[in-house]
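As structure tokens, the structure follows; a few thoughts come after it.
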Amino acid sequence: MAYFALGLATATKNRDGKIIEAFFPTPILAPSDALVAALAPIAGYQEGNQALDITAAQSAQLAAVFAAHQQAASAAFADKAANAKQPLVLVILASDDKPQSVAEGYLKLQLISHRLVKPHGTVLDGIFGLLHNIAWTNEGPIDLPELAERQIEARLAGRVLTVDCVDKFPKMVDYVVPAGIRIADTSRVRLGAHVGEGTTVMHEGFINFNAGTTGVSMVEGRISAGVVVGNGSDIGGGASIMGTLSGGGKVVVSIGENSLLGANAGLGFPLGDRCTVESGLYVTAGTKVRTLDKDGNQVDIVKARDLAGVSDLLFRRNSLTGQIECLANKSAVELNSELHKNN
């Protein structure tokens, strides 16, 4: 049978012995049947989607199996994990179903951030309710109900426990830093973000989980959950893209290739290739738009959603009438290559 994914992780457990987060440095997409069959008797895997606790001795055995099946990175990690002080867990996903455990959820998020699957490339239904709300501290992740006691213990021991954030999703770079990217403020890119090679995320840029860029992009605005930005597109400073989580929306908002969402602009419908939304203009799916011909004459008045995915369009607000207009985009967007030299 075809398996979806697997990965060995070091995990953090709370005082109830429940896993609250897991670090998969070498996730494997579409593992071979032979690899799963060799891992199964060691880990006690039977069938379906399982998260299995692994001992140090088992980890050493797993290392040999990974090596025998040409999974060098996983073999090296499993070999080191044989001396780990942290709990270990092996997750095997026979099928791509909604995650049933924290470990499964973390594996799926890391599949995206490792660029093994694209946003919407794996089922994440229910993950928000599955994950724990965690205090991410200088001493690692702490389950929120345990934070106050840990702070007291640290102070009495002469230490200060610093809380960087309280969230269900950690920052991506604590788990993986994909090749060829720059992130000015790492706290603004969540685990589960897909950051394409050549992407720069500036200080005010933000990328949520199950969202991101596919290639070279300059991100100075907000890419909400579920949003995908195509290669060569630019998200201007303070710009906002509506996510599928907002208002229970079902439409997947996306931006095609070589498009520009201007500074402080907003988008609530799928934009095609080589499109421009002028600075300060927020276009939602229901916005009424005047379409113009090449001579500036009105052709029709439509809702923006009717122009979803159409390429080579310029959206602007008429400064005299206040009406939103759409016409052919005559200037292609080109990102400044100098800004991406060090990626």
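Keep in mind that glycine also has a Cβ here, set from the backbone N, Cα and C atoms.
These come from Swiss-Prot:
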type: BINDING; residues: GLU204; note: Mg(2+) binding site
type: ACT_SITE; residues: GLU220; note: active site, acyl-anhydride intermediate
type: BINDING; residues: ARG222, GLY237, SER240, ALA263, GLU278, SER279, GLY286, LYS303, ARG316, ARG317, ASN318, SER319; note: succinyl-CoA binding site
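Feature map: annotations from Swiss-Prot on the structure.
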| residue | record | CB count, 10 Å |
| --- | --- | --- |
| GLU204 | Mg(2+) binding site | 15 |
| GLU220 | active site, acyl-anhydride intermediate | 20 |
| ARG222 | succinyl-CoA binding site | 21 |
| SER240 | succinyl-CoA binding site | 18 |
| GLU278 | succinyl-CoA binding site | 18 |
| GLY286 | succinyl-CoA binding site | 10 |
| ARG316 | succinyl-CoA binding site | 17 |
| ASN318 | succinyl-CoA binding site | 11 |
Please find which two of ARG222, GLY237, SER240, ALA263, GLU278, SER279, GLY286, LYS303, ARG316, ARG317, ASN318, SER319 have the most distant C-alpha atoms, given that the record lists them as binding succinyl-CoA, and give only that distance in angstrom, rounded to a whole number.
26
GLU204 (Mg(2+) binding site), DSSP three-state class -> coil
Measuring Cα to Cα, how many Å separate ARG316 (succinyl-CoA binding site) from the residue listed as 'Mg(2+) binding site'?
24
For the residue listed as 'Mg(2+) binding site', identify the closest of the recorded positions GLU220, ARG222, SER240, judging by Cα separation.
GLU220
If you run the three-state DSSP split on ASN318 (succinyl-CoA binding site), which class comes out?
coil
